[in-house]
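Peer 1: Below, the features straight out of TrEMBL:
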TRANSMEM  30-48  transmembrane segment
TRANSMEM  110-127  transmembrane segment
TRANSMEM  154-172  transmembrane segment
TRANSMEM  179-201  transmembrane segment
TRANSMEM  207-233  transmembrane segment
TRANSMEM  245-267  transmembrane segment
TRANSMEM  321-343  transmembrane segment
Amino acid sequence: ALRAAVCGKGPGQRSAVGGQPCCVLSLESGAVLLPCFVLSFSNFFPSLWPRWKNWWVRGILTLAMITFFFIIIYLGPMVLMMIVMCVQIKCFHEIITIGYNVYHSYDLPWFRTLSWYFLLCVNYFFYGETVTDYFFTLVQREEPLRILSKYHRFISFALYLTGFCMFVLSLVKKHYRLQFYMFGWTHVTLLIVVTQSHLIIHNLFEGMIWFIVPISCVICNDIMAYMFGFFFGRTPLIKLSPKKTWEGFIGGFFATVLFGLLLSYVMSGYRCFTCPVEFNNDTNSFTVDCEPSELFQLQEYNIPLVLQSVVGWKTVRMYPFQIHSIALSTFASLIGPFGGFFASGFKRAFKIKDFANTIPGHGGIMDRFDCQYLMATFVNVYIASFIRGPNPSKLIQQFLTLRPDQQLHIFNTLKAHLVDKGMLGSLEDA
């Protein structure tokens, strides 16, 4: 149903929406505040409005979310990590709430408490690993942190074991099956949400570009697939999502690959995006300043003979990262949507439309991040397989924490190795 009411108590009153009268658009997902000129569109095109109303709502809120995304990027990596944590908690809440509602488990003893306790335990484990890995010198400098780091895994296991024992003690005879259902539900949710949120943060530490480009490719594919499907869609793609079409799927793929190439070209020229995020012990802050690697230096590539006659060029100058961006955008557009199809199947299994109604026209936070989590795992695996090499700074940090006799042993071993290779002699001669 569509209902519009002018805001304000008296005639001619203006609202805070650009100084114009505002209207309340009541949709199934909730009320949305919009300028009245948007709703007046229906008076001029009454036959088109039912088809276009969702377009307007989704479009305006999508622009708002993209603007918010740019703002948090500008605020830096620390804010990004906090946002990832908040999104993770909200997604966990939405999925766990569905479990509570579906299985009518409000009367299960301790279960709400235990679900959030397990979330705390898993986050303590993953973020503790991250702190130990990326803030090594800071951890070694502070005695309490050094002790926590040394026994981190044992403490994490003890915390989880406490929750496990509490679950066993909470078992009630008439609820055995239901309690084990929810125990499994909680752990699968932790695997899907927390583990992959941790991978997003790892990608961020490799460089902001590894965080921004994959997320932007998923967003671009979602938008372009919707637009191509909206205007040209005729052929259904998959039964799990009846509104998805082959035209939108294919159009989204080509648009995303092109977008990934252009975005990668722009971002590869800025050190603030390409340098790894590292912690500076002198200033106790994050730094993103470095000498760009070969991945972010312009190189000349020969164009295949088949394409030379078409484009009229023999060579092209581009960043090597742009080649990797093709792999990222291809995954975002061809495999990434299956995260959305999985979410659609999940919602259909439990006969719900959205995970929540947090964002009008879009559903819950999990509805927006179903593809992002799958993308984060791929990016992390891709970096580990094709990009990341040994990190000398981390090796030196670990070397300095060894006992003097261990350091001397490693020094003599390395010296003997360099002499055998003929490298140490040449350095001394120089």
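Cβ atoms here come from the backbone N, Cα and C positions, even for glycine.
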Peer 1: Looking at the stretches 110-127, 179-201, 245-267, 321-343, which one shares the most CB pairs under 8 Å with the transmembrane segment (154-172)?
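Peer 2: The stretch with the most close Cβ contacts to the transmembrane segment (154-172) is 110-127.
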Peer 1: With CB pairs under 8 Å as the measure, which of the listed stretches 179-201, 207-233, 245-267, 321-343 comes out on top against the transmembrane segment (110-127)?
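Peer 2: Per the Cβ under 8 Å count, 179-201.
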Peer 1: Determine which residues of the chain contact the transmembrane segment (245-267) at the Cβ level, with the cut-off under 8 Å and only residues 6 or more beyond its ends counted.
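Peer 2: Distant contacts of the transmembrane segment (245-267): 209, 212-213, 216-217, 220-222, 224-230, 232-237, 273-274, 318-319, 321-322, 324-326, 328-330, 332-334, 337.
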